[in-house]
Structure formats: structure tokens, C-alpha cells
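What follows is a single structure, written as C-alpha cells, with notes after it.
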Amino acid sequence: MYFEGYGYRGSTFEQTYRCYPASFIDKPQLETGDKIIMPPSALDRLASLHIEYPMLFEVHNAAAERTSHCGVLEFIAEEGMIYMPYWMMQNLLLQEGDMVFIKNANLPKGTYVKLQPHTTDFLDISNPKAILEKTLRNYSCLTTGDSIMVAYNNKKYYIDIVETKPSDAISIIETDCEVDFAPPLDYKEPEPPKAAVPPSTAPTSEEAAEEEPKFIPFTGSGRRLDGKASKDKDISTSSPAKRQANATNSVQASTASTSQSSSSRKTMGKLVFGPGGNCTSKETDKVPEKEPKEDPKKDEPKFSAFTGRKYSLKG
């Protein structure tokens with residue numbers, strides 16, 4: 001294994017470099033993928049080892065015990081240096097100028113990957129599946145535990161690699177891979193809807209109609225034109241129930257008096273029309289005749305003219 005310098009050992013490529021972000025070489029396109037820029041000497045060594053394409057590498061930060069995987073875009077970096085996407089440096093906990101170990105790797109083709117967006121904003125995109133497919137074309141491999149960056153509409157979305165199959169690191173070049181999504185990290189379960197009021201407790205239309213006050217006519221208070229107190233003052237101030245009862249009693253009393261007067265009219269006369277017409281003459285004969293009243297005028301003294309005392313003018 002190589003620790004310092006530019007020597008190689010064995011049939012594998014193993015090298016330590018100082019890493020810097022892509023902004024140092026004016027290659028902003030590196031941020032949309034997982035590929036790094038290596039020095040020309042690395043290409044010479046890889047060619048002599050007959051490394052299979054696509055070239056994939058294991059990137060290891062021994063100080064933080066972090067490991068990831070990447071591909072290579074170009075071999076134009078200065079000797080002893082490599083340039084990588086800034087999001088990859090964040091995954092490996094690397095700072096500018098830190099040492100990183102690079103080793104070639106053979107990764108199996110992936111069959112399954114589970115992704116988890118950091119925010120629900122990614123799901124608000126009109127077609128997140130199409131955006132993700134377009135972004136992953138710039139990636140050569142995925143590693144469980146990494147967070148990749150998806151740039152869309154001048155905004156950056158970070159997505160965690162939760163699970164990969166058949167291994168923890170897979171190649172996604174020219175392969176059909178099943179993609180599954182986990183709920184975003186800031187996702188909150190919707191609150192359960194409030195329980196509806198049971199129908200038994202809700203008042204029915206019949207009960208509501210019974211509770212409404214009934215209409216009682218002529219319940220207002222009367223006023224006299226001469227300013228004196230009205231006799232029906234106590235009736236107007238009473239409750240609607242009492243006024244209704246009084247009105248009912250007055251109707252019953254008037255009905256009773258009407259029936260009594262009609263019956264008396266039937267019995268006092270000799271000719272009866274209606275249901276009482278079949279009465280016998282005997283029943284009419286039994287009606288007692290009224291006793292003639294004495295004329296009060298008989299007791300009064302008769303008027304007599306010139307009944308006063310006489311007086312003489314002579315004395």
C-alpha cells in the first residue's frame with residue numbers, strides 16, 4: 001500500500017491524494033454527479049493494470065472512518081491532487097487539502113435502491129421521478145449511507161441512500177434498478193379527523209319544531225283613548241301559555257253560553273226547527289207560564305189640577 005509519494009504496489013490501484021472541491025478547478029458540472037478529476041499519472045497506472053471499464057473507485061477517509069464510491073471524469077488534475085464534488089466531501093467529512101485514500105473497485109450492478117428526501121419540497125415537484133432519472137444519469141454508483149444532491153429549478157435537494165441491493169455499494173450504469181421512496185425526514189403524519197357528532201345526540205327536526213313557540217293571536221296590550229288604565233293589562237303581562245289558556249276558556253265559555261241560549265230558544269217557543277222539532281206538545285205544555293207582574297203605575301197617585309191653597313190679594 002502506498003502512504004506518501006507516487007509509487008504503486010500490486011495489481012490494484014491504491015493511491016493517497018489531497019482533495020479539493022470542484023470550485024478550485026472551475027468545473028461546476030462536477031456537483032451534479034459523483035465523478036472526480038484525477039492526475040494524468042493515475043491514468044497511466046490504470047491502463048497498465050488493465051482495469052475494466054467503467055472505472056470505479058473506493059474513497060476512504062481514515063481519520064473519520066468514512067467510505068464512499070465514485071467514478072472518474074478526467075485526468076487533468078495536478079499531481080498529488082484530486083478534485084471532487086463538494087457534497088461528496090461533506091459525506092466523507094473532508095476539508096480542503098485533507099488526505100484521502102483512493103482504490104479501484106469492482107461493484108455489482110444494482111437491482112434495488114431506497115431513497116429518502118430530506119424535505120417534502122422534493123415531492124412537490126411536478127414530476128420527481130423524471131428529475132431523479134435525469135440526475136442519476138450523471139452517477140456511476142451509489143453507496144448506502146451517502147446523501148446525493150439533486151439540482152432542479154435553481155434549488156438543491158438532498159436525498160439519502162437508505163438501502164441498496166445486492167450490496168452496500170452498487171453500480172447503476174446500464175442497469176434496471178427498482179427505486180423505492182421512504183417518507184421525507186421532515187414529514188409529519190396528518191392529524192386524525194375529529195369524531196363526528198353521533199346522530200342520536202343531534203336534535204331531530206320534530207323536536208326542533210316542538211321547541212319553537214306557537215303563534216298566539218291578539219296577545220298585545222290594549223290602550224284606551226281617554227288615557228285610563230286598560231282592563232286587560234294583567235292579561236298582556238301574563239305569559240303566552242296563560243294567555244292561550246285564557247283565550248281557550250273564553251272560547252269555551254262563549255260556546256257554552258251559545259248552546260244554553262239556543263236550548264232556551266227551543267223550549268220557550270211552540271214551533272221548533274231542527275233536531276228539536278220532534279218534541280211532543282205535552283213537553284211544551286209543561287213549560288210554566290210567567291206570572292203577570294203588577295203594573296207599578298197603578299200605585300202612583302193620579303195627577304189633579306189646581307189642588308193647591310188659595311190666597312187673596314186683599315188680605
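Quick reminder: no glycine exception, Cβ is built from N, Cα and C everywhere.
Since we're looking at a predicted model, the values are computed, not measured.
According to TrEMBL, the protein carries these features:
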| type | residues | note |
| --- | --- | --- |
| DOMAIN | 13-108 | domain 'Ubiquitin fusion degradation protein UFD1 N-terminal subdomain 1' |
| DOMAIN | 109-184 | domain 'Ubiquitin fusion degradation protein UFD1 N-terminal subdomain 2' |
| REGION | 183-315 | region 'Disordered' |
| COMPBIAS | 197-206 | compositional bias 'Low complexity' |
| COMPBIAS | 223-235 | compositional bias 'Basic and acidic residues' |
| COMPBIAS | 245-264 | compositional bias 'Low complexity' |
| COMPBIAS | 282-302 | compositional bias 'Basic and acidic residues' |
Mean predicted confidence [pLDDT] for the domain 'Ubiquitin fusion degradation protein UFD1 N-terminal subdomain 1' (13-108): 92
Tally of residues which DSSP labels helix, strand or coil - the domain 'Ubiquitin fusion degradation protein UFD1 N-terminal subdomain 1' (13-108): 24 helix, 37 strand, 35 coil
Composition by DSSP (helix, strand, coil) of residues within the domain 'Ubiquitin fusion degradation protein UFD1 N-terminal subdomain 2' (109-184): 14 helix, 34 strand, 28 coil
